[in-house]
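Report on the following structure.
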Amino acid sequence: MPSVVVVGTQWGDEGKGKITDFLSSNAEVIARYQGGDNAGHTIVIDGKKFKLHLIPSGIFFPEKISVIGNGVVVNPKSLIEEIAYLAENGVSANSLRISDRAHVILPYHKKLDFLQEEAKGDKKIGTTIKGIGPAYMDKAARVGIRIADLLDKEIFEERLRTNLEVKNREFVKMYDSEPLEFEEIFEEYYEYGQQLKKYVTDTSVILNDALDAGKRVLFEGAQGVMLDIDQGTYPFVTSSNPVAGGVTIGSGVGPSKISKVVGVCKAYTSRVGDGPFPTELFDEVGHQIREVGHEYGTTTGRPRRVGWFDSVVMRHAKRVSGLTNLSLNSIDVLSGLETVKICVAYERSNGEQITHYPASLKELADCKPIYEELPGWSEDITSCRTLEEIPEAARNYVRRVGELVGVRISTFSVGPGREQTNVLESVWGV
């Protein structure tokens with residue numbers, strides 16, 4: 001029962017969608033296990049760019065099953081729009097399966113997300129205002145509405161009415177904001193549920209049956225380890241667990257059925273929104289990396305913050321997600337730089353060096369990155385298909401990344417296309 005988990009090892013936007021799409025060719029089931037439409041992944045097929053937020057990358061393979069697991073929070077409106085977007089581009093969603101246990105994002109979640117973020121003033125955490133956090137809050141508070149509830153008119157009406165009464169009191173009394181209308185939400189979202197009904201099932205059964213039958217299953221995470229609510233740069237994190245351990249909770253598959261964990265990273269680092277970023281660049285080199293790498297958020301369109309590769313972050317990701325393999329993306333973006341740097345440790349103001357990522361943001365603010373400098377390369381490597389074809393300086397960089405992280409590099413990418421992903425070692429064993 002071979003199964004592979006794909007996780008982002010930085011702050012998201014590492015190219016997980018591209019790697020999932022690439023690995024999907026040898027998988028029979030592809031499942032998303034956490035997050036919501038706050039995450040975006042871009043896939044390039046035959047030169048055409050597709051941007052998805054909820055539906056797994058495997059949807060481009062009609063013979064494979066694509067699963068939205070119970071750990072995902074689903075905005076029905078966004079999902080229906082995404083299905084329509086795919087249809088307009090000749091891609092069918094007939095192979096999609098949605099967990100009946102997944103929780104639903106409703107208009108009051110998005111409104112609350114906005115109001116809470118605005119109330120923080122200059123202490124905003126950089127939420128995408130998609131309602132993700134409030135939906136997970138309701139789930140933990142045991143007042144959430146699941147897909148199974150959305151499909152049952154009586155249950156949906158009862159729970160929506162109860163929840164909206166509470167939320168409207170909060171909007172009016174705490175935020176001096178207008179209440180939401182029950183009827184409008186009820187009619188609109190019940191109809192969304194009916195449109196999605198044909199895709200809804202117990203996806204835990206599908207996934208476990210597939211694994212028990214020896215089928216190859218690929219699990220696709222959203223965001224990245226450094227945005228994990230437990231292991232990330234709290235409170236500048238998402239509301240779920242992108243780490244590999246999140247698979248078992250968010251898909252209904254036991255940990256004994258996970259074979260390999262592929263960590264996806266870029267040859268540099270990027271981040272959207274606020275929060276600590278030790279290797280961030282503010283100079284012309286940072287600007288060049290941002291422009292060459294097209295570092296603008298898939299969901300928000302916001303310019304991403306960029307910086308040098310941070311092996312301290314990567315070793316943290318390796319430890320907390322149990323990485324077995326590494327997929328190194330966007331090496332081509334570094335072409336043209338005279339020198340390239342890798343952060344190998346942090347130095348505190350008292351001169352002490354540390355090689356682990358601190359939990360305390362105050363402690364982290366006291367740290368400066370210690371860099372190892374390597375020669376850069378000027379050649380265009382976007383057409384290279386083997387490690388031997390890329391310049392020696394680029395080869396040395398790739399090898400050094402693997403050494404510092406302590407994980408085998410199974411693939412490296414020199415561009416956004418499928419054909420620009422090069423295999424050093426198959427994680428499927430094929």
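Residue numbers in this text run from 1 along the chain shown.
Note that Cβ sites are derived from N, Cα and C of the backbone, with glycine treated the same way.
Quick caveat, the model's predicted, so the values are computed rather than measured.
If you check Swiss-Prot, you get these features:
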{"type": "BINDING", "residues": "12-18, 40-42, R304, 330-332, 413-415", "note": "GTP binding site"}
{"type": "BINDING", "residues": "D13, G40", "note": "Mg(2+) binding site"}
{"type": "BINDING", "residues": "D13, E14, G15, K16, N38, A39, G40, H41, T128, R142, Q223, T238, R302", "note": "IMP binding site"}
{"type": "ACT_SITE", "residues": "D13", "note": "active site, proton acceptor"}
{"type": "ACT_SITE", "residues": "H41", "note": "active site, proton donor"}
{"type": "BINDING", "residues": "T298, T299, T300, G301, R302, P303, R304", "note": "substrate binding site"}
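The recorded positions under consideration are K18, H41, R302, R304. Their Cβ neighbour counts within 10 Å are lowest for R302. For the binding-site residues shown (G40, P303), fewest C-beta neighbours within 10 angstroms: P303. For T42 (GTP binding site), other Cβ atoms within 10 Å of its Cβ number 17. According to DSSP, P303 (substrate binding site) sits within a strand segment. When the Cα atoms are compared, D13 (Mg(2+) binding site) and Q223 (IMP binding site) turn out to be 7 Å apart. All protein chains included, G12 (GTP binding site) registers 29 other Cβ atoms within 10 Å of its own Cβ.
Across the residues annotated as binding IMP (D13, E14, G15, K16, N38, A39, G40, H41, T128, R142, Q223, T238, R302), the widest Cα-Cα separation comes to 34 Å.
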